[in-house]
């Protein structure tokens, strides 16, 4: 690509050429008709002219003089325009076109100016880091191969840096390559940064005069690491939870706002008189409540210090009594669940997996009080902080026995019931007192809250005494009941209405039938008694009461036994 800029300077015709391109110089004289030949020469101050090209107007032949700088670079056209390939800095000369006739010689000078655009400037020998309040070499801005020489300017964040003794020192040095004549511009910058320069962008530019006027080329911006001292120390707790409880691990991290950040600190722990030298982290494992307090850290060589307060939450629970506890029925048992905690805690009582509405209190233990009690407490604000203790209460009691009887006339049998209380559950055995025979055909109700009942159904042909034996690990209890023969009706024993195992008859129809049958039995008994009184002149026996020691029933049994012997 060929470039040519031409203008008149001080009355001289000038051609501006770009380094490496082709210089084109027209002969600005009008070719005369009687032209014999044309020649080109160049002139330099204080030196003789040097002819470089010749062209005859008649023979049309072209001759190039033996000038080493222009060998194989020249071309002279028919209109006597001279072209010089591969423009060099040394081509900056005064060239003269000569047209010769028989009578005259016409000369027209041309000035050649060569320009070379410098390379993009770059910052070399960069500082690894800068330090506040210290004047330090930041780097060198270098722009190579320029012609004519250019000027370098430094910038910070796009603003021009000017020389300022003690803060900004700029030194410019230009060198020339003797073989090419091209200039290299080097500008060094010494800079004393401030903390605010930590993210500042530094750059440089080169300004040079080109064919079209002044031009500027910018370098790539750079950011330098600015070192500055620590002015503030902070300490923080690294934890996955917002709260700390006993048994947790605590990691303390100390940091300073300097650059580079400090790597070593002194940690001050509650209870320790001296600081503990460590890196920027300090770890405490399985902390206890006595770790609560103010924690500090500082630089090893300065008094700057940061602090934070740590609260180690705790929760203590004391249950009295606890574990396996055995008591006797009727005894008192005071129970207390005492809580000690770093914050208000909630308390919950559970019995046999069911939440209780009130705190258990035992002034007189009953069998239903037995069970597994849990006192549980929680700190709602502290994740995972929960405690519980257990009271497994056993209520023991010696067997207590009460016997009742019930007659079913229409079914021709009597039901004898042995009501039993006690824990551990007593074993029950029925026997006939007179013979010692064991009755095996028995029926038991469910054992609930230390109570149950055992019953038998009999149809005795004669009066008998039945024995109910209840026995557990604590004691053996025996109770007896006299039962009349089936053909001798008697008053039934009233059942304990408070007994959970007692049969309950709610059917009104059955109640009415029972009353009618009772009236008929009373009439029948009255007739029999009157007949016996008339025939044998004996007093009629009254009905047998339910208690074993009832006098009237015993008399009747004696009379019946006497008749049997007769």
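Glycine residues also receive a Cβ, built from the backbone N, Cα and C atoms like all the rest.
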If you check TrEMBL, which stretch out of 511-533, 534-556 is marked transmembrane segment? 511-533
Summarise the domain 'Ig-like' (399-479) as counts of helix, strand and coil residues per DSSP. 0 helix, 52 strand, 29 coil
Looking at the domain 'Ig-like' (109-218) alone, can you tell me the average pLDDT? 95
The DSSP breakdown of the domain 'Ig-like' (229-313) into helix, strand and coil residues is 3 helix, 42 strand, 40 coil
